[in-house]
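For reference, the structure is listed below as structure tokens.
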Amino acid sequence: MNNDKVRAAQMALERIPEKAIVGLGSGSTATVFIELLAKKAKEEHMELTCVPTSRQTEELAASLGLRVVDIDLVDHIDVTVDGADEVDDALNGIKGGGAALLFEKIVAAHSHKNIWVVDSSKKHHQLGHFKLPVEVIKFGSRHIYKYLDRHGLKPEYRLLSDGHRLSTDSDNYIIDIDIQGIEDLDGLANQLKHLTGVVEHGLFMEICDELLVGSTGEAFERK
Ligand code: 5RP
């Protein structure tokens, strides 16, 4: 197991109350957290209810004995622990490298606290090293692709290893775009949100409350 991911996950574990509704992120770092959480919950008889952010996370958490419920069965989520693909100094980030950005953003929106677990390679002064995932409805997606291309965003459909287009848990496509050098990310987020056929994008602005960096053991709170 990757030590940086384990350390970040352990730091997050310390922040989970004995009794809580916990949002479970997606991706490899979130997976380490879920494994540690399931072990601790069993050993310490924690009273947890978990809300997953992807089918994969749902299956993993249930297989480890965690109580998993649909998001619509809870009023709120106390704390969500998730990974991120890139994070800037203000704790804004890019997510969706694992194609789970839509459910991740919905769960985050209903969480009282959002903790991200990363290693220091994910931290950059300005976002844009990682391609920004945009989740689009399949119908008419080529038109969105062409729009993004006309705007110089170098779109690429996310593909599986067999060359077919990836379908998300909600049966949409992902188009990854290049946002390097774009300063006005709020403007970009707004522009993407208003494109008919775009379901969601991976810019997570002012969502992360606390960032835990496994490689250095540092914790940063959003100001
Ligand atoms: C999935 C995500 C993940 O949180 C992100 O890709 C980070 O994953 P990892 O911990 O494997 O680097 O946004 O949609």
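Just so you know, the numbers here start at 1 and follow the chain as drawn.
The backbone N, Cα and C atoms fix where each Cβ goes, glycine too.
Predicted automatically and left uncurated, TrEMBL annotations should be read as such.
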Additional site residue, LYS122, LYS123, LYS138, LYS146 [criterion: listed by TrEMBL with SER26, GLY27, SER28, THR29, ASP82, GLY83, ALA84, ASP85, LYS95, GLY96, GLY97, GLY98 for substrate]: LYS122
Taking only the binding-site residues SER26, GLY97, LYS122, which have a CB closer than 6 angstroms to any atom that belongs to ligand 1? SER26, GLY97
DSSP three-state assignment (helix, strand or coil) for LYS95 (substrate binding site): coil
Return one of helix, strand or coil for ASP82 (substrate binding site), based on DSSP. strand
